[in-house]
């Protein structure tokens, strides 16, 4: 892709998200979401491959549907209440429509079916943008609307997403699909607490972005998209292959990695809100996700690819990638747990 075109598209991505962040009017927020969608579409289709074109088409149709729902709901709210302000969506029907549309936008269950298929058709860097940056603008709106939304609806969305994210990833062999189901499960954790403690949702989202970036950049560096090719990674980059299980276990939420902090805080807050059953279900669904992360850890570090032919082993060659983003994301993914009290104090 032409570097000037790429720069314009990336600038538009930033502009769309910033516009949604800073707006208090529904029309401006909607425009920001639309700019975001239109900016990432060429990035998704840049490979000129049937899978990439199919993924782009699916993504565009889903995002256009969600944007139309948001526009319709906000117009209806303005008609009924005489109010375009994002914080004043007091009509329960329009509120539910907006939450449903935003759930469709970020791929929450039960509106999640498009996400694994779309992510599977993209290369790893575009998949990284889709899984991280594209979640920011919708979540900014969800956080503002959630205070007027029924906690039961948000709890149902959260529990169904963690269940689907855990179950869906169990029988996958494609790493991009596994990361898509991981994304759905993490979104569920954020939704479950958003009504009671929005600051914990923010912490969980930032942590998720760092962990997912580390996972995607690791797979990009190892040039791996399937589980069976993950078992040859040890010969390409032994150090990074040794760190990969730690990144995956951080995504699974095991201490002493960073990924444990948001889960720990969310469970603690659910217990404070007298919701022990919800907290128990969330912990049990986390075990489902942990199973497929452990499967990836086992494949990456404890198995050797069964080569039946005398093929040349893919040996260590110097990568041309800039390794600074990978180093920074891995460091934050593995080492921020001791700073949890500080982060919590800064956000409350």
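Using the three backbone atoms N, Cα and C, a Cβ is placed for every residue, glycine included.
A TrEMBL annotation is a machine prediction, not a hand-curated record.
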According to TrEMBL, which listed range is transmembrane segment: 240-257, 258-275? 240-257
Transmembrane segment according to TrEMBL, located in which of 93-115, 116-138, 300-322: 93-115
Of 93-115, 152-171, 240-257, 323-346, whichever stretch has the most CB pairs under 8 A to the transmembrane segment (203-219): 323-346
Cβ contacts the transmembrane segment (323-346)/the transmembrane segment (240-257), at least three under 8 Å, sequence gap 6 or more: yes
May I ask for the residues of the chain that lie six or more residues beyond the transmembrane segment (152-171) and have a Cβ under 8 Å from a Cβ within it? 96, 99, 103, 108-110, 112, 116, 146, 177-178, 181-195, 278, 281-282, 285-289, 291-292
Cβ under 8 Å to the transmembrane segment (57-81), counting only same-chain residues 6 or more beyond its ends: which ones? 26-27, 29-30, 33-34, 37, 40-41, 44, 88-91, 93-94, 97-98, 100-102, 104-105, 114, 117-118, 130
